[in-house]
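This report concerns only the one structure given below.
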């Protein structure tokens, strides 16, 4: 048993290798783009695609590859995905043109979509015990969060000594270690009795999610342009077509019966708001630190490390915290912690606020860590083992959608406040500073006002979520303490009813019934025949009421 236990934990360490890389590559280019722009001279649109195409590919293909792994083998898909991810990294490192770099980044995103749901499903097989699985999923969430947070720092350190291609080559040693150890420590798992994957469903889900995420993200960057709105509408239409098609398939790509499980549905929905807050706060605070306070990019990235450390630690400690105080108490503490952390950003200003930013990431990091760990564990634990890949894919897809929605909605709100309060010279702070340096103070004050508006809205939303969690907990306790009131039966005259107990429930207007009262029934014949004799039941009434016929 000990040997099997150790093997499972070593297997977890192997699984974390590609998970960390997939997350880190989502943010490692934040500091590398100036170097890439000097070397390859991409246009503005090409530079945007170099940054975004990776996330678009990951988010749009998660559901498809989660189901493919369930049906054809999760370890096999992990191995293929890791090899393709390494090949894409090598190609991106030596790409001679922006077009090829975009293509290799898209290939890396496709491979990343194979790795995340399969890794989560294999992890759930390694730890069948619920408590150990919760701890392992907490470590999984911590690795994913740490990878995204540390990506800009790793990129900045590498660019101090090596060319821009080094931010991709750093993936190759980790991929080599994974490919060598995964067949030894992990075993193949697939769902039994699954049919073939519907190709049209794969195309509909991937294209629909790609267009929807593209429209949402570019609505934040360009406003409600024709391209953004048409992309979002087209994506929504394809997703509706996809959902309707699944109802008629014998082996659907998404089994909507998963959402019949209330716990699974709540886990998916409640994971959206914290992720939206995390992405929006990180996006707006990064602009504040660099464009308003004038901090270097690497310095701004280092300021995010304390919050990332707290988030990572809380992801690991959440299972133990849940064991001590319960999942309901943890879910109640989560939104209030995030709300308090976001409220600290209201103390930032035009001339300072870096310390308040660090304090905000630390306080909110407690809630983010609880949320990320609990959502992943609840989503996987709420479904059978053969659906773990599909459940993990849905959870990861909700993360991508929450990330996109946070940046789009809160970014649009901050941009609206900036346009209303600032100098009417350009739609963004960066463009205003380039066009009219003399209006820099007014533009910075307008951006800070937009930042404060966005974080205030997010903070209030999390307070509301916490109040709902408190109310749900109190209603649940009231239902347990006070039994459900039953419809009163009309009993014949003369039937003696047992006196109610004096013990009171939560409501002073009614008391619990006598447990035997519901089993007493009036029988007009006064007896039940069992082999010609009276029933020996002690609940039988001794004599019939007046006016009833005797047996």
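Quick reminder: no glycine exception, Cβ is built from N, Cα and C everywhere.
Keep in mind that TrEMBL annotations are predicted by a computer and have not been checked by a curator.
Marked as compositional bias 'Low complexity' by TrEMBL: 501-510 (among others).
Annotation comment: TrEMBL describes 533-551 (among others) as compositional bias 'Low complexity'.
As annotated by TrEMBL, domain 'Major facilitator superfamily (MFS) profile' applies to 11-471.
Summarising the annotation, TrEMBL assigns region 'Disordered' to 501-551.
Residues 22, 25-26, 29, 33, 36-37, 77, 81, 98-99, 101-102, 105-106, 108-110, 112-114, 116-118, 197, 201-202, 205-210, 213-214, 217, 221, 253-254, 390, 393-394, 396-397, 400-401, 403-404 of the same chain lie 6 or more positions beyond the ends of the transmembrane segment (46-65) yet place their CB under 8 Å from a CB of it. According to TrEMBL, the feature transmembrane segment maps to 46-65 (among others).
According to TrEMBL, the feature transmembrane segment maps to 77-96 (among others).
The transmembrane segment annotation in TrEMBL covers 102-124 (among others).
Marked as transmembrane segment by TrEMBL: 136-158 (among others).
Summarising the annotation, TrEMBL assigns transmembrane segment to 164-185 (among others).
Residues or ranges marked as transmembrane segment in TrEMBL: 197-217 (among others).
Residues 201, 204-205, 207-216, 253, 412, 415, 427 of the same chain lie 6 or more positions beyond the ends of the transmembrane segment (223-242) yet place their CB under 8 Å from a CB of it. The transmembrane segment annotation in TrEMBL covers 223-242 (among others).
The transmembrane segment annotation in TrEMBL covers 263-285 (among others). Long-range contacts of the transmembrane segment (263-285) within its own chain (CB-CB distance under 8 A, at least 6 residues past either end) are made by residues 304, 331, 334-335, 338, 342, 345, 348, 357, 360, 364, 367-368, 371-372, 374-375, 378-379, 382-383, 391, 394-395, 398-399, 401-407, 409-411, 414, 450-451, 454-455, 458, 461-462, 465.
Taken from TrEMBL, the feature transmembrane segment covers 329-350 (among others).
The transmembrane segment annotation in TrEMBL covers 356-380 (among others).
Residues or ranges marked as transmembrane segment by TrEMBL: 401-421 (among others).
Annotation source TrEMBL lists transmembrane segment at 446-470 (among others).
Restricting the average to the domain 'Major facilitator superfamily (MFS) profile' (11-471) gives a pLDDT of 83. Within the chain carrying the transmembrane segment (77-96), a Cβ under 8 angstroms from the stretch's Cβ atoms is held by residues 18, 21-22, 25, 40, 65, 68-69, 104-105, 107-108, 110-115, 118-119, 122, 165-169, 171-172, 175-176, 178-179, 182-183, 186, all 6 or more beyond its ends.
With a cut-off of 8 Å between Cβ atoms, the residues of this chain six or more beyond the transmembrane segment (401-421) that come close are 55, 59, 212-213, 216-217, 219-221, 223, 271-280, 283-284, 427-429, 443, 445-447, 449-451, 453-454, 457-458. Beyond the ends of the transmembrane segment (356-380), by six or more residues, the same chain brings 120-121, 124, 133-134, 137-138, 140-142, 144-145, 263-264, 266-268, 270-271, 274-275, 277-278, 281, 285, 288-289, 303-304, 306-319, 321-322, 327, 330-331, 333-342, 344-345, 347-348, 388, 391-392, 394-395, 462 to within a C-beta distance below 8 angstroms of the stretch. Stretch with the largest number of CB pairs closer than 8 A to the transmembrane segment (446-470), among 102-124, 136-158, 329-350: 329-350.
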